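If you check TrEMBL, you get these features:
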| type | residues | note |
| --- | --- | --- |
| DOMAIN | 10-345 | domain 'FAD/NAD(P)-binding' |
| DISULFID | CYS56-CYS61 | disulfide bond |
| BINDING | LYS65, GLY131, ASP329 | FAD binding site |
| BINDING | GLY196, ALA197, GLY198, TYR199, ILE200, GLY201, LEU202, GLU203, GLY288 | NAD(+) binding site |
| DOMAIN | 365-476 | domain 'Pyridine nucleotide-disulphide oxidoreductase dimerisation' |
| ACT_SITE | HIS467 | active site, proton acceptor |
Amino acid sequence: MAPIDGAFDYDLVVIGGGSGGLACAKEAVNQGVRVAVLDYVTPSPQGTKWGLGGTCVNVGCIPKKLMHQAAILGESIHEAVAYGWQVPALDQIKINWTALTESVQNHIKSVNWVTRVDLRDKKIEYINGLGAFKDPHTVVATMKNGSKKELTARNVVIAVGGRPHYPDIPGAMEYCISSDDIFSLGHPPGKTLVIGAGYIGLECAGFLNSLGYPATVLIRSVPLRGFDQQMASMVTNEMEMKGVQFHHKAIPVSVEKLETGQLKAKWLNTETQKESEDVFDTVLMATGRYALTKQLNLDAAGVSTLSTNGKIVADTEQTNVPHVYAVGDVLEGRPELTPVAIHAGRLLARRMFAGGNQQMDYENVATTIFTPLEYGCVGLSEDTAVQRFGADNLEIYHAYYKPTEFFIPQRNIRNCYLKAVALREAPQRILGLHFVGPVAGEVIQGFAAAVKCGITMEQLMNTVGIHPTVAEEFTRLNITKRSGKDPNPASCCS
């Protein structure tokens, strides 16, 4: 039983060594308190496991961006010919999957090592064990060898994140991989079926296709659900032009292994009720993620604020048990983004131990989908803005544009598009900015600060652009959807 005289082993125990948990632990120890971090990776159904640092570092943002970059570099070699570079035997250019995954994994392992050293230097105790509550102030860590270690804590932060969801169909767990496995896959993925069209599914299909591995995507409802649907269609249109195949209104039925080692996948069109099948080398599940709350024994802690999908409901990161908190992807209704978890974790530690009172602001958080043509956004989608404010109270400024670097290799510009969603009444406060094109993340990050500060269309139009950049296209916006005028660019420099 936890001590009742206040003599706890730690002032803070963090369950989960991902971005949010680590940020909270580091900020807490800066305030002079005793901190322990528990982290344990249960192997994926295919046996993949990884080191300290959480999803982002090991099987998320970092390896995804590196593979996206590898795909961009491969395409750039072909474009270089148009610029005068003499590239011998273009048809011989191909990716070495083993070399790519080794390079990616070596980088990840270096980050794992630096993270462990950082915890040691900061005197944060790192315990490689699976954490669960014994009572409201006691956490039990189950180690790899099955032994158990009890820790008592004045405060506990739950930062366990989530893992990929597998649909309940024959062959899913036995034969399919997920984003947990793709970045360290021991063989080239070959022809790949991606089941799911959220950002993880589209990003994986995008880089696989660009690396030379044919990709097919099953879309159950809409691509990039929750994002602006006009922009989502630009993303998928570009992917189709690059060779990715899409099957709409399709749900998986089964996956079976053939004698050749290949996988036969069957899926159903929910509109026509027609069943289809094809043979693939790899089937990648990207049908969402679930929070790792079941293993925590939350009942023992008295935490009862769970949503129907197992996530923790906590408006200010504080659960119904005053000393038990949660940050990151485990929270209900919060953006599942690394920088969100980091910022929320730091602010929480300051409120717990430094007398801080600043709450995390989850509104107007920018993000980017790293598909072949990237999509960056901040604020409301046009769809959501119409629901909240009504179409008559909005003005949508939009434009197609031509990236300068696309001209010489004659790259497709049909899906290079941006828009600003603004209130119609002057000075037309901007509610959302959306951009599909190269380096979308770099473009949207700066504008995110402006949206946070309440930028208006008047201010945006009076901002002088940097020429020639793709980011300057926001400062050139002047055509509204309401006007019916052609949003295609007429000239470059006037």
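Numbers here mean position along the shown chain, with the first residue as 1.
Placement of Cβ uses the backbone N, Cα and C atoms for every residue, glycine included.
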Chain-internal residues, separated by at least six, CB under 8 A from GLY131 (FAD binding site): VAL13, ILE15, GLY16, LEU38, TYR40, VAL139, VAL140, ALA141, VAL160, LEU296
Rounded Cα separation (Å) that holds between GLY288 (NAD(+) binding site) and ASP329 (FAD binding site): 12
Spatial separation of CYS61 (disulfide bond) from GLY196 (NAD(+) binding site) - C-alpha basis, Å: 18
Most crowded position, judged by CB atoms within 10 A, among CYS56, CYS61, ILE200, LEU202 as recorded positions: LEU202
Candidate with sparsest Cβ neighbourhood (10 Å radius) among LYS65, HIS467, the listed recorded positions: HIS467
Residues within 8 Å of the GLY196, ALA197, GLY198, TYR199, ILE200, GLY201, LEU202, GLU203, GLY288 Cβ centre (excluding the NAD(+) site residues themselves): VAL194, CYS204, LEU224, ALA286
Long-range Cβ environment of ASP329 (FAD binding site), under 8 Å and at least 6 residues apart: GLY20, THR55, GLY161, GLY162, ARG289, ALA291, GLU336, ALA341
Fewest-neighbour residue among binding-site residues, criterion Cβ within 10 Å, set GLY196, GLY198, GLY288: GLY288
Max CA-CA distance, Å, over listed FAD-binding residues LYS65, GLY131, ASP329: 30
Rounded Cα separation (Å) that holds between LYS65 (FAD binding site) and CYS56 (disulfide bond): 10
The domain 'Pyridine nucleotide-disulphide oxidoreductase dimerisation' (365-476) - residue tally per DSSP class, helix then strand then coil: 38 helix, 33 strand, 41 coil
Top Cα neighbour of CYS61 (disulfide bond) in the set of recorded positions GLY198, ILE200, HIS467: ILE200
Distance, CYS56 (disulfide bond) to LEU202 (NAD(+) binding site) (CA atoms, angstrom): 17
